[in-house]
Structures are given as C-alpha cells and as structure tokens.
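Right, one structure below, let's go through it.
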Amino acid sequence: MQESSPIHGGGPSRLFILRPVATTLLMVAILLAGLVGYRALPVSALPEVDYPTIQVVTLYPGASPDVMTSSVTAPLEHQFGSMSGLKQMSSQSSAGASVITLQFQLTLSLDVAEQDVQAAINAATNLLPTDLPFPPTYNKVNPADPPIMTLAVTSTAMPMTQVQDMLETRIAQKISQVEGVGLVTLAGGQRPSVRVKLNAGALASFGLSSESVRTAITAANVNTPKGSFDGPTRSVTLSANDQIRSVDDYRQLIITWKNNAPVRLQDVATVEQAPENTKLAAWANQNQAIILNIQRQPGANVIATADHIRNLLPTLQASLPKSVNVTLLADRTTTIRASVDDVQFELLLAIALVVMVIYLFLRNAVATLIPSIAVPLSLVGTFAAMYFLGFSVNNLTLMALTIATGFVVDDAIVVIENIARYIEKGEKPLDAALKGAGEIGFTIISLTFSLIAVLIPLLFMGDIIGRLFREFAVTLAVSILISAIVSLTLTPMMCARLLNHEALAHQNRFTRASERFFDWVIAAYGRGLTRVLSHPWITLSVAIGTLVLTVLLYIVIPKGFFPIQDNGIIQGTVQAAQTISFNSMVDKQHQVTDAILKDPTVESVSSFIGVDGTNPSLNSGRLQINLKPFSERSERVQTIIDRLQQQAAAIPGVQLYLQPVQDLTIDTQVSRTQYQFTLQTMSLDELGVWVPKLTAELQKLPQLQDVSSDWQDGAAVAYVKVDRDNASRLGITMSQIDSALYNAFGQRLISTIYTQSNQYRVVLEQHSPNKTGLDPLHDIRLVNSTGGVVPLDSIATIEERNGTLAVNHIDQFPSSTISFNVAPGYALGDAVKAIETTQQQMQLPSDIITRFQGSTLAFQAALTSTIWLVVAAIVAMYIVLGVLYESFIHPVTILSTLPTAGVGALLALMISGSDLNIIAIIGIILLIGIVKKNAIMMIDFALAAEREHGMSPYQAIYQACLLRFRPILMTTMAALLSAVPLMFSTGVGAELRRPLGICMVGGLVMSQVLTLFTTPVIYLLFDRLAHRLRRPRPQEGEAQ
C-alpha cells in the first residue's frame, strides 16, 4: 500500500497550520481578552469562602450574665433556632451584653439570611424586657474576621467624649459609606452623656428614693409630637421647651417640693458631663484613643476598599480640628499586596526557569521561542476566564498559574519535539508540521483531559475547603485547556513557518557539547533499561515497595490543616483575675503594652478593655500588635510571639495569649488561640465540674500549649437575700428593691437627649467615692407607700458568692470552649489525637457532647475526605484514560507511576519538617496528573509502533522509551522548576506556598528516577497478561 502524502495529515491542527493569519489573530484575541480581564480582576488574599455570618448584639447595661441569658439571649435564640439554613448558633451572655453569632450554610444567600434574622428579632420583641434601652442590632460580618484597617483617633486638647461625638457624626458614617465596607466599630468609645450621681444620704434626708428621682427626670425630659393647627390665614406648628439639654438645666430640675421649698436635682445628686460608659477604654501606643476597626463586606474587593478609605482619610482629617489626629495603625492590604507581589515574582521566575530549560534541551533560539510563547499566552488567556467566572487574583489562583507554567509548556514541547524530529530527517517544515502535529494530536488530548480529570474531584469537595480550592482547580484547568489549544494551533503553525533544517542543524560549541551529553545520557538510559527489562520481577518489586512505602509514610507523617501564616499582625488577649476592677485592669493592660512596645520588631500596639461584641468581660483585654515590615525584621511571627509571651510572664496577675492573624478565618468568635474544643451539656453545674478537670489534663499534654478555657465561675457576686415577709410588712416590694439596685449600680440609661445630629443619654448611678467592697450596698434606702424610709439592711442580708462572668451557648445549650495552640514539633493531627485520647481516658459523662470548632473541625472533615479525594482523582483519571484508549489495561499501566510521586512528596515533606496539610494534599493530587504524563508519552508511541510498524511489545516500548526520553525529561524539568520558586518562598505568605512547592519537587524527582524504568516493565507485564486472557483454551484433540 502506498503511503499517503503528509500534506494530507495534520489532524485537528491542519486548518490552523494552513491558515497562519487566522491562527495569529485568534491568539491575539485570547491575549487581549486576558489583559482586559486581568485589569478588571479584584485582588484578595484568598478566594471568597466566608460562611454567611450575622452577629446580633443586644446591650442591657447593669444586667448580670444570668439576667442577660434568661431575658435576652434565650428568647432570641428560640426564634433564631427555627431559621432554615442555620449551620451553627453560638451566644455569649455577659454583664450588660448579649452577643449571638449565626453561621449559615455556604449555599444560603447572606441577604436571605438577613431577612430571616430581622423577622426573628421582630418576633422576639414582645418577649424582651420592656426597659431594654437598645433594641437588638445585627451586623453582616463575622466577628472573628480581623479588620482590614485599624485607625486610631487621638486628641491633645479635646476630651474623648467630644472626639467620640465627632467620630460618630463625621468619620464613622463617611467610612461606612465607602463601597466594600461592611462594619465600622469604635473601640473604647466615650459617648457623651449627662451622668446623675445620687447621694444616698441626701436622698434619705429628704425622704426620697432613687426611683422618684428617675421618674422625675424621665417626666421632665420628653420629645414627643405636639401637633399643629390652622388659623384663618396661616398654619401653626406647636413646639415647647419640653427637653432639657444642658447639665446646668438638669441641676436645676425640681424633683419634688418639701415644706413649700423645691428639692432640686443638685440637692441630692452630682450632675456632670461624662462618658456614657465609664468602663470602656482604648489606647494606641499607650495614648488614650478611640480605635476604629473597619471590616469588609463579604465578597468585597479588599484592595479597592482599602484604597478608597486611604483616599478618603485626608479629607476626613481636614474636617476635624487640628488637635484631633487620625492615625493609620494597621492595614491588612499591605501584606496582601506584598504576598500577591511575591507570588507574581515567583510566577515570572518560574517562567524564566522554564524557558531556560526549553533552551537547554532544544539548543536553538527559534525553537525555544515557539513553546515559550505558549506560556504567557496560556496564562494571560486564563485571566479572561477568571473574570467571567467571578474569581480574583489571590494567592491560590497565582499559585495555580505558577504551577501551570510547567504544565502549559509541556504540550508545546511535545509538539515541537516531534515536528523537529521530522525536519531533522529532511522533510519540509510544512510537511513535518502536518505530520508531526497529526501524529501527536491524540497524545496532547490524552495528556490534557487526563490532567484535568485529576482536578475534577477538587471541584466537588464540600464545605469551605471545596470553596477554597475551586478557584485553584478551575484556574489550573483553564490554563491547561488553553495551552492544549495553543499547542494544537499556534505551535505547529509557527513550526511550519519558523523552523527549517538549516536552523536546527546549525551548531556551535554549546550545542555540540550538549548534544554529546544528551546522547551519552540516552545511551546510558538505554543500557540501564535493557538490564531492567531483563530482570522485570526486581523492578516490579520496587514498584510494589513504593506503594507500600507510600501507605506507611501517609500513616506516620504529621497531619495539619492550613499553614500558619506570617501576615505581620498579632491578635492578643490579656487575661486577669475574675474579680479584678476596671482601674486595676487598666494598669495591667498598660504593663503588658509597655513590655510589648519595647520589642524591636513591634511597630505599634492598639489595646482595648471593656465589654462589647468581641470582648465578653472586664477581666480580659484585647490587643492588636502590628509588626514591622519583613524588610525591617528577620524573625518570623512565631518566634516573636514566643518572646513576647516570655516578657509578659514576668508581669504578675496576667496571662497573655497571642496568635497571628490569618487570611483564612473559619471561626465565628474571637478566641485566645488558634484552635478550639467545646463541651456542651444541659447543665451548667456539670460543665463547672468537668471543664476545669479536662483543661487541667490537657495542660499536661506535650502536644499542646496555651491551653485555657472560657469557663469563669469565680466572679465576685453580692447576693441580696431579701426577707420577703419583713419587706412586705414594711410596704416594700421586690420590684422596688430591684429598681433601687439598678438605679444605684447599673449605669442605668433613664432618658434621652435629642439633637439635630445625635442622641445622648442621661445615666443614673449612686455616688460612693470613698466606699470599698460591699459598703455601697448599705447606703441603699427605699421609700414605702406612706413615705417611710426603709434601709435595705433592715429587710435583706448581703452575701458574697461566686458567679459566672459569662454564660456561653452553642445551639441553645450551655457550652464551654477550651482553646489551645499546637506545641512546636507537633502537628494539628497530633494535638487532635492527644485530646481525643485524654477525653476517652477521663470517661466524661454521656450527656456531655464534645466537639472541635472552627479550623479544627474543618481539619477533621478534610482529614476524612483526603483519602477519598485522592481515590476520586485516580478513578476519574482511570475513566478518562480508559475512554481515550478503549482499554481496561493501559490506564492501569499509566496509573502505576503514581506511588513513586507519593513517596517522593511525603519524604520531601518529612525531610523539610513540614506536615501534610491541605496545600500539600493539593500538591500530591497535582503530582498524580503530572507523573502519568511520562507513561502516556511512552505508551502512546509503543502502541503506535505495534499497530503501524508491527513491532513486538518489547521492541515497541524500548524504542518509545528512548525516543520519548528527551521530551519526558524536558517536561518533567519544566514542571519541577516551575515549583522551585514556591519551594524556596521567603516573603509574605510563604508558609502558604512552600508545602506545594516541596511536594511537587520531591514527587517529581522521585518519579522521574523510577517511572522511566517501572513503566516499561509494567507495560510488558500487562501485555503478557492480556495475551493470556485473550488466548483461547486448547481443545483436547489439539492438546494430544
């Protein structure tokens, strides 16, 4: 049979080879679309993976944790508990504050959740206390998310109450209006108010009760509609001096008349302009300040949002008096930008390394140019798809593109190497391009779809990990797909136009030396392959040994969740004695801040004490430590944390808990440490028994450090035990007693002053400047219906007891959280196993439910799905290869290369001291797609040699190994060098990228050494097996 002319070949590439103008313009269109998409893409640290989270805050000044739980938190929880799509509800009820955090399923829209939350709050309104001064408010942000920017506002001349007023009316509202801002909170705010400090002795002398004062003030300060009327010719609106606005006017307010003389408020109380809440304070580097924490809206472009705020700051500063300064303390986007810049540099470095590898192997500038064009074209074209899919430029998508650098060039290398082989044999460039491209087309398709098949399981991963890596997988898949298109269109077209025999035959000293070197390497490989094929069972034993070793290494390697990043910001919690006073806590906070500011790596510190949505009690203070840029410090964040904790340990009466701020936040509450473990039961008393016991046992474990719990039942409680019979005889009711105590000690908000721009409160309290301990309680006097004054001591006894500082719930049941960090030298998996073992040994009661929270819970879920994820990737690739080859056997041969990659990756992780975390797992899955390329290129040529040239399986696979050795080595080196920049990352966020690079380099080195020998042996083994299965069983007569 006469062989057809090559001009009739070309397969899917034929049209593009013969139409160079159309091919060029198509590539230009891809390039332009990618550039436009890149300019429009948002920039972020990680893909948008936030759970829809809403925080509901209710303030009830003066209420104890028990009162907050029963009267505020429980009614709201009951309504929230019936909402669909609710994943978890946690609450914290402390003195004067109830904070409920609602975390919804990832599939639920935040806007839908917001509507449900508002409806639930409305439904609970009638069940809440009637004197609740503030209705429940909600925010569509995760309280555990660190702010994207932190501002400090200080003043050298103005009181903080005036500064607060300006912030609320001028600054906070303007920043809240910036696109992308989700919430602006003021920490340490000193809202102005009129404080009425009652004199118990003066009240008693006039025969007055605190309730009569409260009633008089409430009645005297009103702001209600008064109507209007029409006269004969005009309409008149009514107004009156029904409001009291100044402190002097309040002093002159008449409470009652005694002996025909007025009793004014100043006669029984001190009235002054003062902060609404005197137990809130914040500092910036030890200077009293109001801290503005700015949190982003879910899904917002964090870089654009921060830029808008920065552009707005000069205008805001100009609107303030000169004595008021706005200082930028922290900007999360600084490290995000630096991290993205580092990855972009590593991407460019990877491209340069890959191009260098291509030149070393092809040894021709023109031949190097052709596959080198495929790299930027494939990567830039991917940006267009990323834009239409709603992705962002972040660490993971840039990591995907960096790894793709080694992938996208592979196809072009395979094509150009095959075409160049025919040109070197003397064929015309056009004929060689048509013949070479047509011959290799199926291989390119096999390589592309089998590699994309590996990524398919990543798309179906559930929960937050699936969301996190979806952008990674799709970005990588799109770049691989575009590279295949480029390799089947542009690459052969350029080969036909640019390559010729003279250019390829041109040699210099470098090309001749490198040619001799490659010839020697191929000859050495051929001799080694001959020996290996003559001893197949030894090689097969090695292959089986790698599989066994992979399983063993997976069992023993430490397992983690997500690498701890150094983003230059540390969150801190200062914990003091449960009975500490506010003023003493201020002193402790200053001591800790002083010690931190002395550290040379610290740039600034903001601190806060008081009860708000993130801080549950007065005995804990919050810190945000901003480190100097990487260029100004040589130490990583964990080293700095260890040193700061050692310095704080010298301060008596406090414990300092520190953790680095992370890009990925799964938790729903601000914690002292990175990881949490909760106990949940019906009984608070049972928690009080077992939480301290378990905490004490966990503190003994070497795998853990910074172990603590939020169980605090040592608060000082003054229990007023009323003799009800005696009180009734004297005409005193429990309502009067509660009201008198609330008026005296609750910072009770009794009235509101309305202005054109803001509202201010009138606060009632008892003035007891020189009293200590429980003495102020002995000054309480009550007035019965006949006007008689009844001392509280005559109807009640005061007992000092212990009580809880906060009551925590998870899904409406009492709970307590044990926080911990992983000790150096251990992984999160070690810590989880140690906790589970300790829990089992202690034999907790069956009605106590234990559960890991946040990152640890996600780690457990990821750990159980890891094996299935790898299995799913292998099965998906087997199915694709089986369909492409129409064979059950050949896919098994190709997949036999995988254990070698697993061994190399796991050994590299162990040698480098890294744990097997989610990033490393992704690296192993990518290796599954890469290392099988070697087998595909060998088997494709072997099958073609058997089918078209009638070679024996031995001759076919032997020739395929030698012919494909150089492209196999070239593609592997390209993939390996694309991962080298990630492996040696040192900049911001390097902890996130390094495990991927380590896995890729270790797996590729090991697989490259072994698969060149194991694949042909297994190919021949399965070929013999297939022949035996196909050979018919001989008949009895034939046997004889």
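Yeah, the Cβs are placed from backbone N, Cα and C, and that goes for glycine too.
Taken from Swiss-Prot, the feature transmembrane segment applies to 16-36 (among others), supported by sequence analysis. Listed as Cβ neighbours of the transmembrane segment (16-36) (distance under 8 Å, sequence separation of 6 or more from its ends, same chain) are residues 10, 377, 379-384, 387, 430, 433-434, 437, 482, 486, 488-490, 492-493, 496-497.
If you look at the transmembrane segment (342-362), the same-chain residues 6 or more away from its ends with a CB under 8 A from one of its CBs are 368, 371-372, 375-376, 379, 395, 398-399, 401-402, 405-406, 409, 413, 416-417, 420, 514, 518, 966, 969-970, 973-974, 977-982, 985, 987-990, 993. Residues or ranges marked as transmembrane segment in Swiss-Prot: 342-362 (among others).
Non-local neighbours of the transmembrane segment (373-393) in the same chain are 27, 30-31, 33-38, 40-44, 47-48, 301, 340, 347, 351, 354-355, 401, 404-405, 408-409, 411-412, 471, 474-475, 478-480, 482-483, 486-487, 490-491, 494; each lies 6+ residues outside the stretch with a CB under 8 Å from one of its CB atoms. Annotation source Swiss-Prot lists transmembrane segment at 373-393 (among others).
Non-local neighbours of the transmembrane segment (396-416) in the same chain are 46-47, 340, 343-344, 346-347, 350-351, 354, 358, 361-362, 367, 370-372, 374-375, 378-379, 382, 386, 436-437, 440, 443-444, 447-448, 451, 468-469, 471-473, 475-476, 479-480, 482-484, 486-488, 491-492, 495, 499, 926, 930, 933, 937, 967, 970-971, 974-979, 981-982, 992-993, 996, 1000; each lies 6+ residues outside the stretch with a CB under 8 Å from one of its CB atoms. For 396-416 (among others), the entry in Swiss-Prot reads transmembrane segment, with the evidence type sequence analysis.
Sequence annotations record features per position, and here Swiss-Prot assigns transmembrane segment to 440-460 (among others) based on sequence analysis. Non-local neighbours of the transmembrane segment (440-460) in the same chain are 11-13, 407, 410-411, 414-415, 418, 466, 469-470, 472-474, 476-477, 480-481, 483-484, 487-488, 869, 872-873, 876-877, 879-881, 884-885, 894, 922, 925-926, 928-930, 932-933, 936-937, 940; each lies 6+ residues outside the stretch with a CB under 8 Å from one of its CB atoms.
Swiss-Prot lists 472-492 (among others) with the feature transmembrane segment. A Cβ distance under 8 Å defines the sequence-distant neighbours of the transmembrane segment (472-492), meaning residues of its chain 6+ beyond its ends; these are 10, 12-13, 16-17, 23-24, 26-27, 30, 47, 370-371, 373-374, 377-379, 381-382, 385-386, 389, 391, 396-397, 399-401, 403-404, 407-412, 414-416, 419, 433-434, 436-437, 441, 444-445, 447-448, 451-452, 455, 458-459, 922, 926.
Among the features that Swiss-Prot reports, transmembrane segment is placed at 537-557 (among others), with the record citing sequence analysis.
As annotated by Swiss-Prot, transmembrane segment applies to 865-885 (among others), with the evidence given as sequence analysis.
Annotated transmembrane segment per Swiss-Prot: 888-908 (among others), in sequence order, evidence recorded as sequence analysis.
Annotation comment: Swiss-Prot describes 911-931 (among others) as transmembrane segment, evidence class sequence analysis.
If you look up Swiss-Prot, you'll see 968-988 (among others) marked as transmembrane segment.
Sequence-remote contacts of a segment are chain residues at least 6 beyond its ends whose Cβ falls under 8 Å from one of its Cβ atoms, and for the transmembrane segment (1002-1022) they are 525, 528-529, 532-533, 536, 539-540, 542-543, 546, 889-890, 892-894, 896-897, 900-909, 911, 923-924, 927, 930-931, 934-935, 938-939, 942, 953-954, 957-958, 960-961, 965, 968-969, 972, 975-976, 979. Among the features that Swiss-Prot reports, transmembrane segment is placed at 1002-1022 (among others), with the record citing sequence analysis.
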If you count CB pairs under 8 A between the transmembrane segment (537-557) and each of 865-885, 888-908, 968-988, the winner is 888-908
Taking a Cβ cut-off under 8 Å, which residues six or more beyond the ends of the transmembrane segment (968-988) line up next to it in the same chain? 335, 338-339, 341-342, 345-347, 349-350, 353-354, 356-358, 361, 399, 402-407, 409-410, 413-414, 417, 566-568, 630, 930, 933-934, 937-938, 994, 996-998, 1000-1001, 1004-1005, 1007-1008, 1012
